[in-house]
């Protein structure tokens with residue numbers, strides 16, 4: 001008799017995706033982040049669901065309802081901090097996952113890569129609307145500043161902003177719709193993640209060498225299920241260390257002050273995972289130029305397959321490209337630091353130089369260095 005997992009219509013899908021899936025025998029721990037992102041998403045949906053049971057999306061009671069969750073709801077504090085810090089873990093895994101894709105040339109799987117970029121945008125949108133919900137000072141002013149950027153769009157900008165706000169300022173209507181968006185978007189992310197996996201399983205996984213691995217495949221279970229479980233345990237360890245020892249480490253103290261439209265905080269800044277993009281936005285003195293640079297900083301990922309000039313897929317055997325990649329990582333860390341600093345000398349000029357370097361590396365230097373490496377290898 002044939003095994004039920006191979007014949008049952010539902011179990012067959014799970015079997016082909018997680019059990020009998022042929023996987024390259026040499027994929028490293030950098031390939032763990034896909035499954036970790038899945039775990040993060042499930043964790044965020046579950047904790048978010050329990051928070052939504054007690055949260056009220058009204059400007060008068062939103063801040064109090066979050067306080068009520070932390071003080072009066074059984075284990076509400078741990079659910080709230082797991083959700084807040086879970087978002088940080090989500091973005092750490094996301095950045096490492098994208099970085100892995102860039103380093104090992106995974107962007108040559110066009111459909112998988114493009115769905116991944118759409119996923120990145122969707123997760124960023126979800127995190128942004130979620131940050132507004134506690135209705136603290138940084139929530140309110142973050143929402144005001146970021147939504148106001150759309151007013152830079154010629155002709156329709158102002159109307160668009162007021163349409164998103166549901167009035168002439170960020171108010172009750174804005175909070176209610178942001179809560180609705182924040183509730184629905186994770187399910188859209190889950191659906192997109194399924195499409196992401198579907199396209200990935202059409203081609204099979206890439207591997208560190210960038211060489212086709214059809215000649216040497218092993219079943220996903222038990223080899224990579226065990227490997228993924230180790231990753232999950234480490235993820236949960238780091239998350240719980242953060243939640244139980246310093247839950248507010250990555251948050252902003254201003255968000256413990258209820259939203260006040262009459263009092264602007266001295267330094268408006270987003271959560272740490274948006275600081276690199278925020279620094280690029282601020283480095284351009286023109287409003288529309290800044291918005292275009294902000295969007296381009298993520299959208300540039302879509303161009304990666306077009307900018308790939310090397311005859312090799314992976315950077316594993318390309319030392320010059322490796323150096324450039326790690327300079328790009330250092331540049332992004334610099335931008336993240338600058339995004340959290342006040343707009344004054346010397347931070348302005350450092351931010352501008354780091355922003356120029358970011359686009360220069362991706363759009364100009366990487367393709368040139370790859371071509372030089374081809375010539376050095378007599379290709």
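Heads up, the Cβ atoms here are built off N, Cα and C, so glycines get one too.
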Query: Among 33-53, 54-74, where does Swiss-Prot put the label transmembrane segment?
result: 33-53
- prompt: Any idea which of 8-28, 113-133 is down as transmembrane segment in Swiss-Prot?
  reply: 113-133
- request: Give the range, chosen from 205-225, 226-246, that Swiss-Prot lists as transmembrane segment.
  value: 226-246
Message: Distance check, please: Cα of residue 196 (heme b b566 binding site) against Cα of residue 182 (heme b b562 binding site), rounded to an integer number of angstrom.
response: 21
Cα-nearest neighbour of residue 201 (ubiquinone binding site) within the listed binding-site residues, 83, 97, 182: 97
Task: For residue 83 (heme b b562 binding site), list the number of other Cβ atoms lying within 10 Å of its Cβ atom.
output: 21
- line: Sequence-distant residues near the transmembrane segment (33-53) by C-beta distance (under 8 Å, 6 or more away from its ends) are 69, 79-80, 82-83, 86-87, 89-90, 93-94, 96-97, 100, 182-183, 186-187, 189-190, 193, 228, 231-232, 235
